[in-house]
Amino acid sequence: MVGAGVRLRRRVSGVGRDDEVGRKKGAGSRSWKLMKSTGEEMDLDVDKYAIMRRVKVHARDLRILDPLLSYPSAILSRDRAIVLNLEHIKAIITAEEVLLRDQLDDNVIPVVEELRRRLKSISTAHEGQGDEDSPLQEGEEMGDEDESPFEFTALEVALEAICSYLAARGIELETAVFPAMEKLTSKVTSRKLDEVRKLKSQVARLSARVQKVREELKQLLNDDHDMANLYLSKKLPGASSPSPDNDGGNKSDTGSVSQGGDIHIVPTADGSDDDFGVEELEVILEAYFTHIDGTLNKLTMLRDHIDNTEDYIKLQLDKHRNRLMEVELFLSVTFICLSIYSTVAQLFGMSIPYSWNFGYGYLFKWVVIIPGLFSSFLFIFVISHACRRGIIGSYNS
């Protein structure tokens, strides 16, 4: 019986260890959407090590794409891949395929559909070019659509999606902010102030997100080497650099082959954009940089409008506070004058045996009239002096 109990405990503990190992393995497993340049698609449920071996990236790059961790937007160029972390769009782009995280997310589904549509049009262009019966002009048009490398197409789809997404969020905030501002200026309440405060926080957070994407695009546009590193098709084994014959034989090849077969782009003496082959990518990045910059300008104007409205509300509150101070001053002066008037009554109300307490009743009316006149004169003098100095009435419209 003792031996059976020991075997049972060992078996149970072994099952627990297997479950723990399975949980750890499942934690490292992630779902990816694989889309190849040929139009093929498949769902991958592999761990990060398989992804690292497939696309030749480091673990720190995959950590940036982890949805459980909060990393700012980034566009990273690696030897054989482009790592994209643009809000909800987390992808790894190579010269022949793209891997997307969280393909079932509502914001990622349009990216998958748009990329599928473009890959389908590229496949159709290839078929049209191979069709001998198709007109030459149509073949030329399809060839123009198929000019861009696959990594540029995937990058353009991701940039278009993120720019449209951020612009839509900006429009939603704009439609919510202006009515809230109108309601607040008409009547200031705690509920309306709290609503505007929340909207201002949302605008600030969205502006920071847009600013980060803009900075990434600006950094790429300012460095030709970074843009050249995104040209993954030139790094494929067997890929050729632009021929020197096209430049009249005055320029050398722009790429040198390493031992691993990758092409490392090396600038020539003049350092022009053509040497790096980044003209097409620069056009794409400039277009979406202009788009995201326009969104940031709108958010900046929206934040300025909120700040101006807050300043206006503060002026209105200051005006009301000054009016309350005027009322307080008016009441204080009135209280002082009445205190002077009541002091005389208190003096005569004391039961002190003075000789003038008896036989002087005819002076009672003067005792009442003279302090009353003095208190009234003092009240009028103080109020008129405050008005001349601008202490009272200066904020009345």
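Note: Cβ is positioned from N, Cα and C throughout, glycine not excepted.
Caution: TrEMBL annotation is automatic and unverified by curators.
For 196-223, the entry in TrEMBL reads coiled coil. If you look up TrEMBL, you'll see 130-147 marked as compositional bias 'Acidic residues'. The compositional bias 'Polar residues' annotation in TrEMBL covers 240-259. Per TrEMBL, region 'Disordered' is recorded for 123-147, 234-264. Taken from TrEMBL, the feature transmembrane segment covers 329-356, 362-383.
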Should anything in the same chain at least six residues away from the coiled coil (196-223) have a Cβ under 8 Å from its Cβ atoms, list it; otherwise answer none. 72-75, 86-87, 159, 162-163, 166, 169-170, 173, 176-177, 180-181, 184, 230, 282, 285-286, 288-289, 292-293, 295-296, 299-300, 302-303, 306, 309-310
Tertiary contacts of the transmembrane segment (362-383), defined by C-beta under 8 angstroms and 6+ residue spacing from its ends, are 330, 333-334, 336-338, 340-341, 343-344, 348, 392
Would you kindly list the residues that approach the transmembrane segment (329-356) from elsewhere in its chain, counting only those six or more residues past its ends and only Cβ-Cβ distances under 8 Å? 367, 371-372, 374-376, 378-379, 382-383, 386, 391-392
As a test of reading the model: what is the averaged pLDDT for the coiled coil (196-223)? 93
